[in-house]
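See structure below.
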Amino acid sequence: MSWSPSLPTQTCGAWEMKERLGTGGFGNVIRWHNQETGEQIAIKQCRQELSPRNRERWCLEIQIMRRLNHPNVVAARDVPEGMQSLAPNDLPLLAMEYCQGGDLRKYLNQFENCCGLREGAILTLLSDIASALRYLHENRIIHRDLKPENIVLQQGEQRLIHKIIDLGYAKELDQGSLCTSFVGTLQYLAPELLEQQKYTVTVDYWSFGTLAFECITGFRPFLPNWQPVQWHSKVRQKSEMDIVVSEDLNGAVKFSSSLPHPNNLNSVLAQRLEKWLQLMLMWHPRQRGTDPVYGPNGCFKALDDILNLKLLHVLNMVTGTLHTYPVTEDESLQSLKARIRQDTGILEEDQELLQEAGLALIPDKPAAQCLSDGKLNEGRTLDMDLVFLFDNSRVTYESQVSPQPQPESVSCILQEPKRNLPFFQLRKVWGQVWHSIQALKEDCSRLQQGQRAAMMNLLRNNSCLSKMKNSMASMSQQLKAKLDFFKTSIQIDLEKYREQTEFGITSDKLLLAWREMEQAVELCGRENEVKHLVERMMALQTDIVDLQRSPMGRKQGGTLDDLEEQARELYRRLREKPRDQRTDGDSQEMVRLLLQAIQGFEKKVRVIYTQLSKTVVCKQKALELLPKVEEVVSLMSEDEKMVVRLQEKRQKELWNLLKIACSKVRGPVSGSPDSMNASRLSHPCQLMSQPCTAPDSLPEAAEKSEDLVAEAHTLCTQLENALQDTMKEQDQSLRSLDWSWLQSEEEEQQSLERAS
């Protein structure tokens, strides 16, 4: 639909006339704006010179529009009151919803769509137009004039919505379902309409297939620059499976059943849509649209199967090859890995599948765990669902990536850059060169995404390693504090034991146990292992920081962006040349840009893979350190338990010793303070074995008894004082040690209790 400048201001109540939106088969379409409500509508009015037959068609279009109700067919609106009086004739006006996105032709003519729409945009277009055509056919209506100018775009809440307009040539099916009259646009017409043969709904299949092909490739499938008579005689020679009839740069006509390159489809969609186009572009109408599975008119169901595919894109970082896999909702990740092994030769156990953020796919979840709804992002590239494949059996990566093969016409001008070409060929091949440079930039960007995914995964592993290092260091300090306390306690015990052995308690068994404890704790601590691991982790940390500081560790633009912009500008200037200046020309400047882009791509890929190899080496070191740190942490945990057990054992032995000493104090005693000692207390039988001498007299015996009682009281007091001094000394010794580690453990325990 062509756009024109604003028309002279004209009003009808609150409605104000704006610009002409386009010119249809019967008249003009003008936008009107309601100044009070902000509502906009499109008013279609007929030209005065319509023939009776076309006046009849016009009234039929209004009747059809008013009874249709489908989201992909433009809706009729009520003509505002009083506006009919402004019509240039007595024919009724047609009011329709206004779609601010313009028509599909305007969209296709944008520079970036010179080699076809983006994959997501193609899928949403096919879905919308198929839904609209199916609705029309179910209502026994053939459109007969489906083309980009008759499809308008409306921005919905989540994506663009495509709507069919201009049913001026639509035909309701009669009882025989055959029609013989037509006046329409020739380039999208089915052959039987050109031949003025009887036709059915399959004429819309041909138009839809032609439209779909143009949206995929950027040009119409069958000799788009030929006149109708020559076109018909040549194209009818194609086989039923041929979907392309084109001229090469030498003027030779070629037939092909394959979807041409370049386009923006992945390999799976390209293959499936190629077969679907073969159904839609069959020359003979009775066979057209017949699907091998769904039968006659089964093309819509076949298209549904394609549109409902869930596709996972896997970039093999070893070779740079992009693989696409249809996956089901319940397909396991292991099943996907088996398919990947068939395509890449990488064993399942060596495959690592990372998302862009560096997260690995979860083994217990289905293969489709990372897929999103691509239909909601019709303007974006397919990288949003990209998964990066790494081979864990490799310790280094070498660049095995080469630029994609060039289209035939681009290869031709690479060999002959000075060759003059007609303007229409020059325009097409320059667009393909620009697309090739774009493809190099996107391929490079995907590889860089893969390298960054590996880097993000390394940082995740390093973060885990850092947490374990901190935990290991903290545990090492706590263990050291416990060991120091235990060793100090043992040393004090042994020292005090030696001080009192001559006149005090002697126990070889107790002494041996303490010696064994002292030797046992000498093997605890793991200080050397911890120190060695910390040194290795610090060295790894330095390597990772160096990687992050590297220019390739961050997203960059650079040469390819500049070359792509220069190619775009050359192509833009060529397309915008006035018609009288569209002469033959060569492609030297474009070829120079393409060759520079190829060189820049190869150089950048080498840098990416150098960075990737360093990343993989660091990751390997991190993965080697993780189990070693876990092992040391586990050993320190066992050491800590051992120290606690030994400490408990020592404490029990000390208290048992005190218990024995106290029990002896309460037994029979004799002698004087000078002769009484712990050795005697430990052998009470010695007290009983001393000979008794009879007192000389009763008063003397009574006096001696009083002396013994006094002496016993004195000894008890001395023993109590000695025990108190010993306990006080031990308490001071305990207080002098660092007990902060126990406080931290107690706080952790309290926090856990509050959390539970």
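Even glycines carry a Cβ here, placed using N, Cα and C.
There are 26 other Cβ atoms within 10 Å of the Cβ belonging to D145 (active site, proton acceptor). Sequence annotations record features per position, and here Swiss-Prot assigns active site, proton acceptor to D145 based on sequence analysis.
In the three-state DSSP classification, V29 (ATP binding site) falls within a strand. The annotation ATP binding site is assigned in Swiss-Prot to L21, G22, T23, G24, G25, F26, G27, N28, V29, K44.
Per-residue confidence over the domain 'Protein kinase' (15-300) averages 88 (mean pLDDT, predicted model). Annotation comment: Swiss-Prot describes 15-300 as domain 'Protein kinase'.
Sequence annotations record features per position, and here Swiss-Prot assigns phosphoserine to S177 (among others) based on similarity to another entry.
Residues or ranges marked as S-nitrosocysteine in Swiss-Prot (evidence: similarity to another entry): C179.
As annotated by Swiss-Prot, phosphoserine applies to S181 (among others).
As annotated by Swiss-Prot, phosphoserine applies to S670 (among others), with the evidence given as similarity to another entry.
The phosphoserine feature in Swiss-Prot is assigned to S672 (among others).
The phosphoserine annotation in Swiss-Prot covers S675 (among others) and is backed by similarity to another entry.
Taken from Swiss-Prot, the feature phosphoserine applies to S682 (among others).
Taken from Swiss-Prot, the feature phosphoserine covers S689 (among others), and the record attributes it to similarity to another entry.
Here Swiss-Prot flags S697 (among others) as phosphoserine, drawing on similarity to another entry.
Per Swiss-Prot, the feature phosphoserine maps to S705 (among others); the stated evidence is similarity to another entry.
According to Swiss-Prot, the feature phosphoserine maps to S733 (among others).
Annotated phosphoserine per Swiss-Prot: S740 (among others), in sequence order, evidence recorded as similarity to another entry.
Feature annotation from Swiss-Prot assigns region 'NEMO-binding' to 737-742; the stated evidence is similarity to another entry.
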Fill in the blank from the handout: CA pair T23 (ATP binding site) / D145 (active site, proton acceptor), Å rounded to integer, equals 14
Handout entry: Residue pair L21 (ATP binding site), D145 (active site, proton acceptor) - Cα distance, angstrom, rounded
Key = 18
Completion exercise
Between the C-alpha atoms of G27 (ATP binding site) and D145 (active site, proton acceptor), the distance in angstrom, to the nearest integer, is 16
Exercise for the section: To the nearest whole angstrom, state the Cα distance for the pair V29 (ATP binding site) and D145 (active site, proton acceptor). Expected result: 17
Exercise for the section: Taking the Cβ of L21 (ATP binding site) as the centre, count every other Cβ atom within 10 Å, in any protein chain shown. Expected result: 23
